[in-house]
Structures are given as C-alpha cells and as structure tokens.
Amino acid sequence: MEPAPARSPRPQQDPARPQEPTMPPPETPSEGRQPSPSPSPTERAPASEEEFQFLRCQQCQAEAKCPKLLPCLHTLCSGCLEASGMQCPICQAPWPLGADTPALDNVFFESLQRRLSVYRQIVDAQAVCTRCKESADFWCFECEQLLCAKCFEAHQWFLKHEARPLAELRNQSVREFLDGTRKTNNIFCSNPNHRTPTLTSIYCRGCSKPLCCSCALLDSSHSELKCDISAEIQQRQEELDAMTQALQEQDSAFGAVHAQMHAAVGQLGRARAETEELIRERVRQVVAHVRAQERELLEAVDARYQRDYEEMASRLGRLDAVLQRIRTGSALVQRMKCYASDQEVLDMHGFLRQALCRLRQEEPQSLQAAVRTDGFDEFKVRLQDLSSCITQGKDAAVSKKASPEAASTPRDPIDVDLPEEAERVKAQVQALGLAEAQPMAVVQSVPGAHPVPVYAFSIKGPSYGEDVSNTTTAQKRKCSQTQCPRKVIKMESEEGKEARLARSSPEQPRPSTSKAVSPPHLDGPPSPRSPVIGSEVFLPNSNHVASGAGEAEERVVVISSSEDSDAENSSSRELDDSSSESSDLQLEGPSTLRVLDENLADPQAEDRPLVFFDLKIDNETQKISQLAAVNRESKFRVVIQPEAFFSIYSKAVSLEVGLQHFLSFLSSMRRPILACYKLWGPGLPNFFRALEDINRLWEFQEAISGFLAALPLIRERVPGASSFKLKNLAQTYLARNMSERSAMAAVLAMRDLCRLLEVSPGPQLAQHVYPFSSLQCFASLQPLVQAAVLPRAEARLLALHNVSFMELLSAHRRDRQGGLKKYSRYLSLQTTTLPPAQPAFNLQALGTYFEGLLEGPALARAEGVSTPLAGRGLAERASQQS
C-alpha cells in the first residue's frame, strides 16, 4: 500500500506510515495483497483488514513475519530489517549509539496478528480443531485453542476453562473478539524454577519483575518496593499517556514549520517560473547572438533553484522524519492502550520510554532557517541591464553610421583567441551594423621569447577615462579618426628577430612564458565566451561618454560615500605607491613559513574560477570608495557617490546593499579564488571591517576558497621588469594607459596580464594562494600596525602562522613578562634584514600597548594609544579560527 498524505484527515490513515518530503502519490487499493487464506470473507472482513493495515511491514507492505520495533518506532519484518543496515529504511534515522539491540520484538503486533488470524478462521467457517483437525465448534480463551465437540468434552473434564461456541463468536465484531481475548490474558511469575506457571498479582519494582506470593516472601531485600501489579501497569500506562500529550505540543510546532517549508518550496517554484517566463520574453526581443546569454541566465536560475531547493528539501526531510516518529509513537501508544495485554505493556515499556524521551528532546527551532525566495532578483537585474544595453546599442549603431567620428571611437577590449571565432564574431557584428575600423596596438611575438609591444600609443577607452577632462576626450576622438592597423599577433623568424628587437624597446623586460598569447582585442563585439566592459557611472565632474553596445554583462552599483577626496589625493597616492614599491614586493613575496590550506591543494582547485578583485580607499575617510571584480565572463563594479547625488543617480544604494550585491556576485560562482594585486595592504582589512559591520563576513568566507597574491606571481613570471607598478606593467605588456584611480581598470589589467602570462587556477598557484584565516588574522592585527607598535611585514608573518590580535593579548595577559617572547621565533627570517639596533619584534612597545589596553580604554586614549575596539570582532573571529 502506498504511503498516505502526511496530514490527511481520513480516519483510516496511519500516522506511522512512511511519507515523502513532497506530495506523495494517492493511496492504492489494498485488495490482492491480503494474506488471509479465505477466498470469500464476510462483509466485516474488509473493514477489519483496512483497520489493521498497521500490522503490515511499513517497508514492503507485506504481512510482517516476526515484526521488529525500531528505535524510531517504525515496524519492519525481519527480512527488511536485515537489508536495512544500520538505519531505518523509512526515515533514515540511525540506530542510537550504545543500544543493546537495534530492534525489539514487537510482541504486541505478533499477538494481535495471531488473534486476528483466529478470528478470520472463525468468521470464514473454516476453523479446524487444534488437536484432531476436525471441524471446530468451540474456542478456549485460556488455552487459545480451537476445539471440536469431542475434544471440548475432554478439555472441560480436566481443565474447566472458559470456552465459547464459534457460532456465538461469529456474531461478534473484531473489536469485541479482541477485547475478550485481551482480558483473559494472565501474568505469571517470572521465576523459571516453577514447574507449572504460577499466576501472580505482585510486582517488584526493585527487580522489575512480576512475582508470585512465595517468591515475594522469599525476596526480603525489596519488601518496600512491592506493589500490586495492576497499579504498576496503570502507572506505566499513565506515564506513556503523559508523554504522548507532551508530544502533541511538539507535533503542533513541527507541523507549523513543516507547513512553512512547504509554502516556501511552492513560493520558490513560482518565483522560478516567473523568472524563467520573464527571461524568455525579454530574450525574444534581442538578436540571435544574445541567445547564448539567455541559456546562461536560465542555467544560473536553475542552479540557484537547485541549490535553494536542496537545502529546503533536506530540512523538509528532517521535519518529515521527526513528524513521522512523533505520530508513530502516539499511534503505537494508543493501540497498545486498546489492544496490548498487560505482559506486552511490561515488556515494551522501557523501550518505548527511551524512544519517546529521545523524541521529546527534538527541537523544531534548530531546524528553522531564513527562507529566501528573493534570490532571483539579481538575475532580473542582469536581464534588465542586458536588454537595455542591447537596445541602446542598436540606436547607437544607427548614429555611428551617420557620424564617422563616433564610429571611429575605440571600443572596449575583448578576447577572441581563435581565428574562426574572430570571423564568426565579425560576421555577427556586420549583421548588426556595428563593424567599423578601430585603431589597434600591434603586438608581435618572438620565437623562444615573450610577446612585447612593437609600438604603443594612448588608447583611452570609456572604461579607463575617469581622470580625463572634456578637452582630452575631444583630442582623443580626433586622434582616433586616423587609420591605424589592426592588432596583429605574429610569430617572428630568427632572421627578423634582431631587426624587430631594434624597433621595439630593447630595455623592456619580457614575461617568462614561451608561448605567444593574444592580449585583449580592442575592437569587435562581445562574444559569448569573452567578457565585455560596461559603462561606469561617474561623478558630475567627470564628463565622459558611456560605452556603447558592448556593455551588456556588467552590473553597476553606486554606493553611498564620498569620492571627492580621491580626486584631491590622487597625486599623493601615486607618490606613496612609488616610494613603497620595494617594500610592497618584500611584503607580498611568497612565504615558505605558512601552512597551506587543504582546500587550496585540492585537485579540484582547477574548477574554482579566478576573480580579480581590487578596491580603493579614501585617504581622508578611510572608507571604501571603489570596488571592482572581474572573471572570464562577467564583471562587477561599485562606484562611490555622495549621498547628495542619490536623487540624481537612480542606481545609488547604501554601502550595505552594495556589499550584498558583491556577495551575490561571488555566490554565483563555485567558491572562487580572489586575486588581489597588493594582498597585504590596507584594503582587505577595511573590506573585512565593512563586512563585519553588517554581519556578513561569514557569508564572504563561505563564498570564497582563498586569496591569490598577484604581485609576487607576476614578479616570478617577469623577473626582469624595471617596475612592478600595475600601471607600468599594463603600459609595457598590454599597450594600455591604465588609470590608477579606477578599480575596474586595475582588475582588467590584472586579468589581461594573467592571460598573457598563462596564469590559470591549479596546484601550480598553491604557493601564492592564502587561506581566509591568514588574512583575517592580518586584519585583526591592524590596530597594532596603526599604533606603530608592529610593522606591517611582521604582522604578515604572524598572520601566516594564524596569530591574531586576541591571541597576542591573551598571551600577554597570562604572562606579562615573557608571554610574547615565544612569537619571536615566527619572525626569525625578518631579523637578518633589520639593523642590529632595531629588534625584530619590539616586545617592549607591544607590551606597553597591551598594558595600556588592559588598564582601561580611557587611560589608553589619554596616553595616545589607540584602542582597537573596532577590530575586536575580527580579532575574536580570527582567534577562534586559528
């Protein structure tokens, strides 16, 4: 028989039957499976069979032979129990640890089956004498035997038991028959030395056994623990009833959560259907080559649905399992109360009590989760941007045909590696009317060496022109109208090597790869496999024209803050970057001291995408002013705007909302690796602090698998470069003038440099990939760096050993004299580079700082020592992880 719905109001529904997390199939008729040997039952037989369906095995639905009661209160036959292993095949509940036996003989079900079998024989008029096999006429309730008239006379001659004719019993209902057989059960003394069973009415609570009068008198040690056995049975039945009543409250709580989860699953399905329909409607309006984007969006929606559905299904399954156990226990106690004998109650009470106690310990609150069905909003946003950008691109194509000046403006770079791919993309562009001549930089390759630019001139695309004025933009447009050759990737022979090197810059270093790789193209429309660069929302003082049709995939988020100080302090920032370049290289270098995370050495690390990540910090406010990330397919950008411009820019949002969009961008990928150019700079600690303020740092940790230090990696691949500033590397190897004020320009330069150097995820990057815990420890040590008691390089070395601020503070609190000395061994590599007069680890300054911190925040501020209360949350989290 198929499982019935979980909350069906039908009276014949059995709560102990198996259920499915989703809507189960309807019940099938039970005819054809009855084990009764009678081919023609009476009219009462089908009703009784339907009522006692709970006696069947709940796994195979056959009549249970040797029924076994599991700890989860499901009943199985012996065959299904042997095949189930160490867990219930119905609710998948494992056997409890320390249980003597995984299952109990269900003597209640076995006795009830035996009595029902006798009743069927009586009703079917095919009962035969137990002794002589003749047609039976009487039933002895004491011996539980069918007797013919002849055997009945002999039986009554010796035993004088109560026996009733079968004709009288056939007129009784099954309940009346079972009630009569139940009341005749007697309890005998548990002493096995009695020759004949002795009836008893005494129960010893010390021995937990029924005793006859003789055994009770001989057992003098438990004289005060003996009671009437009827009172003991009544007390145990009342205890089980009380536990059942308590479980009713849990049934209501679990039922409410179960209903909420069912509603959430339905809402999730409706949201999925609405999103898919919206996607299909919009995609029908675009041209043929955008259908690749439609498939990508549908797959992303389905992936999000599958991820959310699996999480909800697992919780729903857990709720179903607990509800099944609660209802099975309640039903079993009620049936035992109706049909079980006194001996059966005594035998099964302890097992039932343990199972019901475990059920009472279940808490539905721990199973509740914040059900989010709004996760499809980001796909709607991407769809809106895609549709609007394509529509604007078509309008721009018409204006470009009429305006040669607009048509000659260089477009954003994309990457098309194969010639046939380039021809296909070119054909699509010509079909849209977007194919125009574009100025390109020529990059040539030398056999055995590395690609270097033959010549380079400034090509200011809209994505990199944040710091260019209107005059410069106009000059750039005039310059770009001249006819320039397209970009050429060419393998040069040995004969022309010297001449080519003479025309190119001989002093320029070359990246350490032996294969010529095409840098990003600067013309052509976006292909489905190539990322496109979108428009950027600028401040009112940046009068730039946004990019055209190649900007479909980028999501632009404007965050509430200020960017005015970024423009004022750009020159000082460039000086700081230039002066600290050597120290950054030393700080960013690979370290052999750190222990690699197991996740980073995973053979499946190649499947984790690289996401190039950068952010800009305002020098005055020390807040995030820009944030950008890019992978092979899509880009994410955050531009800061003052709150005064919220009414002007429709996409202006708060910092919290912007960070949430960035977390959604990361969660759409499979735990990517974040590649940062200056990994150990002040940017990530500020970023961690912003996430900590909105309590989303844990979500960021789960969304990524580690951090890649891009600067030492590029330094390793191009050891002879004259400067490792990202702007100089982009100008040398990408023929690109990169704006240092743009986070998007930085991540695009990093991505294209890594493409040129053939950097791809895998075990070969393990020495440059750092776990989240190391960067979190580094962020927690920033108050010490800002207080000038711990150099940043030493903070990095401590972070590589997962030493956090709270660990240092705890060590000093335990031993104020020598508690910090043990951390000097982590800095042994640093001591060789310092002058003898300067200790590698200024224990005195650090101890003084902690002393002021322990004496009180007010005293510490009075002495001029900064108190790192703002970073305490990060410090505590890093300490727990380390």
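Note that Cβ sites are derived from N, Cα and C of the backbone, with glycine treated the same way.
The SUMO1 cross-link feature in Swiss-Prot is assigned to Lys65 (among others). Listed in sequence order, Cys77, Ser78, Gly79 are the same-chain residues six or more apart from Lys65 (SUMO1 cross-link) with CB atoms under 8 A from its CB.
Residues or ranges marked as Zn(2+) 2 binding site by Swiss-Prot: Cys72, His74, Cys88, Cys91. DSSP assigns Cys88 (Zn(2+) 2 binding site) to coil in the three-state reduction, placing it in neither a helix nor a strand. Within 10 Å of the C-beta of Cys88 (Zn(2+) 2 binding site) there are 27 other C-beta atoms, taking all protein chains into account.
What Swiss-Prot lists as Zn(2+) 4 binding site is Cys189, His194, Cys215, His222. Mapped onto three states, the DSSP output places Cys189 (Zn(2+) 4 binding site) in coil.
Over all protein chains present, the Cβ of Lys380 (ubiquitin cross-link) has 17 other Cβ atoms lying within 10 Å. Lys380 (ubiquitin cross-link) falls within a helix when secondary structure is assigned with DSSP. Among the features that Swiss-Prot reports, ubiquitin cross-link is placed at Lys380 (among others), with the record citing experimental evidence.
As annotated by Swiss-Prot, SUMO2 cross-link applies to Lys380 (among others), with the evidence given as a large-scale study or a structure entry.
Annotation source Swiss-Prot lists SUMO2 cross-link at Lys394 (among others).
What Swiss-Prot lists as ubiquitin cross-link is Lys401 (among others), and the listing cites experimental evidence.
Per Swiss-Prot, the feature SUMO2 cross-link maps to Lys460 (among others); the stated evidence is a large-scale study or a structure entry.
The annotation SUMO2 cross-link is assigned in Swiss-Prot to Lys476 (among others) on the grounds of a large-scale study or a structure entry.
The ubiquitin cross-link annotation in Swiss-Prot covers Lys476 (among others) and rests on experimental evidence.
For the motif 'Nuclear localization signal' (476-490), the model's average pLDDT works out to 40. Annotation source Swiss-Prot lists motif 'Nuclear localization signal' at 476-490.
Residues or ranges marked as SUMO2 cross-link in Swiss-Prot (evidence: a large-scale study or a structure entry): Lys478 (among others).
As annotated by Swiss-Prot, N6-acetyllysine applies to Lys487 (among others), with the evidence given as experimental evidence.
What Swiss-Prot records for 489-501 is compositional bias 'Basic and acidic residues'.
Per Swiss-Prot, SUMO1 cross-link is recorded for Lys490 (among others).
Annotated SUMO2 cross-link per Swiss-Prot: Lys497 (among others), in sequence order, evidence recorded as a large-scale study or a structure entry.
Of all the Cβ atoms in the protein chains shown, 24 others lie within 10 Å of the Cβ of Cys72 (Zn(2+) 2 binding site). According to its DSSP assignment, Cys215 (Zn(2+) 4 binding site) is helical. It is 37 Å from the Cα atom of Cys215 (Zn(2+) 4 binding site) to that of Cys72 (Zn(2+) 2 binding site).
Within 10 Å of the Cβ of His74 (Zn(2+) 2 binding site) there are 26 other Cβ atoms, across all protein chains. Counting only same-chain residues at least 6 apart in sequence, those with a Cβ under 8 Å from the Cβ of His222 (Zn(2+) 4 binding site) are Cys204, Arg205, Gly206, Cys207. Annotated pair Cys88 (Zn(2+) 2 binding site) and Lys380 (ubiquitin cross-link), C-alpha to C-alpha distance, rounded: 43 Å. Apart from Cys72, His74, Cys88, Cys91, the residues listed for Zn(2+) 2, the same chain places the Cβ atoms of Leu70, Pro71, Leu73, Gln87, Pro89, Ile90, Gln92, Ala93, Ala321, Gln324, Arg325, Thr328 within 8 Å of the centroid of those Cβ atoms. If you measure from the Cα atom of His194 (Zn(2+) 4 binding site) to that of Lys380 (ubiquitin cross-link), you get 82 Å.
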